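S.K.: The structure's right below; bear with me while I get my questions together.
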Amino acid sequence: MPPSQTPAQGSGRFLLLSPPSLSSHPEKLNAILGLHARESTDLQMLDRLALGLVSLPESTYDVVLLLTGADNTLAETYRLVSRGVLQGVVNSLKPGGKLRNRDNQIWGSGSDSAAGLGSSDGDGGGGEKMSSSEQAFRNEAILAGLVFDDRGELAKPDFGAQQAVPLKLGRKKNLGESAFGNGAVELPASNGVRVTTGATSSTTTTTTTTAAAAAATAATPTTTTTTTINSSTPSGVGFIDFSDDFGVPMVEETQDSDEELIDEEELLGEYDMGRHIVQPPECRPKAGKRRRACKDCTCGLSQKLEAEDRAKRANADKALETLKLRTNDLAEVDFTVQGKVGSCGNCALGDAFRCDGCPYIGLPAFKPGEEVRLLNNDVQL
């Protein structure tokens with residue numbers, strides 16, 4: 001099918017994924033947009049989607065269309081569609097939605113597929129030999145959850161509505177009455193030991209017999225062991241001794257055994273650590289309001305807020321460094337000099353009556369003319 005043609009599209013909501021090279025040719029992009037209803041068609045750039053700058057809504061689109069680049073090939077598209085991008089595209093498809101390309105040459109309902117000239121593997125591909133990038137894209141699409149339908153198109157499977165199915169468990173009726181008539185229940189025999197529990201009796205009798213003795217008389221047991229049980233035991237209840245090891249020694253594992261411990265750091269590779277964190281829309285900060293991070297934050301908002309707090313704290317500590325006074329900034333006050341009083345003349349009355357420049361600020365009230373001395377940092381009047 002020539003690149004200028006586009007297969008007929010059905011009704012529904014469409015998503016067009018355009019490579020960045022197509023944005024430099026607006027005439028081609030406008031021609032493609034003109035083939036679809038604008039009110040039911042969305043356009044996204046693959047490079048923005050790959051960088052995590054935009055996110056796709058879930059279960060919204062009926063058809064996702066991959067556009068070819070400016071060179072009319074899908075090479076640029078395959079290079080940008082990574083595993084994470086493809087998983088987001090699959091999540092945005094409705095159940096039964098289709099993933100198509102513009103020309104339907106690699107998959108889809110092209111003329112080769114419709115005529116039954118697909119590849120020998122029967123997966124709906126075209127008759128031409130696929131390149132490594134095309135085959136890798138098909139494999140990633142299958143791993144993301146897409147399947148090939150009867151027409152050879154990549155589709156999201158529709159599993160239908162899930163509902164709970166009640167399960168009715170069968171129950172044997174009158175098991176004890178049919179066996180003994182008195183409500184007693186016989187447990188399965190093991191190693192020639194038969195265990196019988198009585199409904200009204202307060203004892204459980206364990207009897208071991210041989211085949212010859214049983215044929216001679218059923219009333220003469222070889223060995224009889226009687227264990228007293230609480231009289232409140234309900235009918236038809238048996239007891240199992242879980243402490244019995246049946247002759248097999250039990251090996252206790254040491255507490256310091258770390259054979260089954262898994263290092264979580266080994267589960268993430270360099271590719272996973274370098275991937276861009278996609279922040280959910282509800283965690284994105286709004287203008288004029290600072291959003292608090294969740295307790296188990298995994299989108300990176302908690303680390304971002306902690307980094308901002310550390311930067312603010314560092315700037316505040318730098319601005320509030322210890323104030324160092326130079327010699328010119330110091331002033332010496334000698335209280336022994338006679339006649340040195342404030343301009344208000346109320347120095348002896350106390351701080352409440354002294355002016356701002358009074359040399360006696362901080363000293364208690366004293367009598368006018370009284371000598372003031374300082375001994376061991378204490379005021380002596």
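Keep in mind that glycine also has a Cβ here, set from the backbone N, Cα and C atoms.
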S.K.: The [2Fe-2S] cluster site in Swiss-Prot lists C294, C297, C299. Which one of C283, C347 belongs there according to the record?
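M.R.: Checking C283, C347 against Swiss-Prot: the [2Fe-2S] cluster site match is C283.
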S.K.: If I go by Swiss-Prot, the feature motif 'Cx2C motif 1' sits on one of 12-15, 328-331, 344-347. Which?
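M.R.: Matching range for motif 'Cx2C motif 1': 344-347.
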S.K.: Grab the pLDDT values for the motif 'Cx2C motif 1' (344-347) and give me their mean, rounded.
M.R.: 74
S.K.: Taking Cα atoms as reference points, rank the binding-site residues C283, C294, C297, C299 by distance from C358 ([4Fe-4S] cluster binding site) and give the first.
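M.R.: The answer is C294.
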S.K.: Tell me the coarse DSSP state (helix, strand, coil) of C299 ([2Fe-2S] cluster binding site).
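M.R.: In the DSSP reduction, C299 ([2Fe-2S] cluster binding site) maps to coil.
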S.K.: Tell me which of the binding-site residues C294, C347, C358 sits in the most Cβ-dense spot, judged by other Cβ atoms within 10 Å.
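M.R.: Output for this query is C347.
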S.K.: Including all protein chains displayed, how many Cβ atoms other than that of C299 ([2Fe-2S] cluster binding site) lie within 10 Å of its Cβ?
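M.R.: Looking across every protein chain shown, the total is 16.
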S.K.: Neighbours of the [2Fe-2S] cluster site C283, C294, C297, C299: Cβ within 8 Å of the Cβ centroid, same chain, sequence order.
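M.R.: Residues close to the [2Fe-2S] cluster site, other than C283, C294, C297, C299: Q279, P280, A293, T298, G300, L301, S302.
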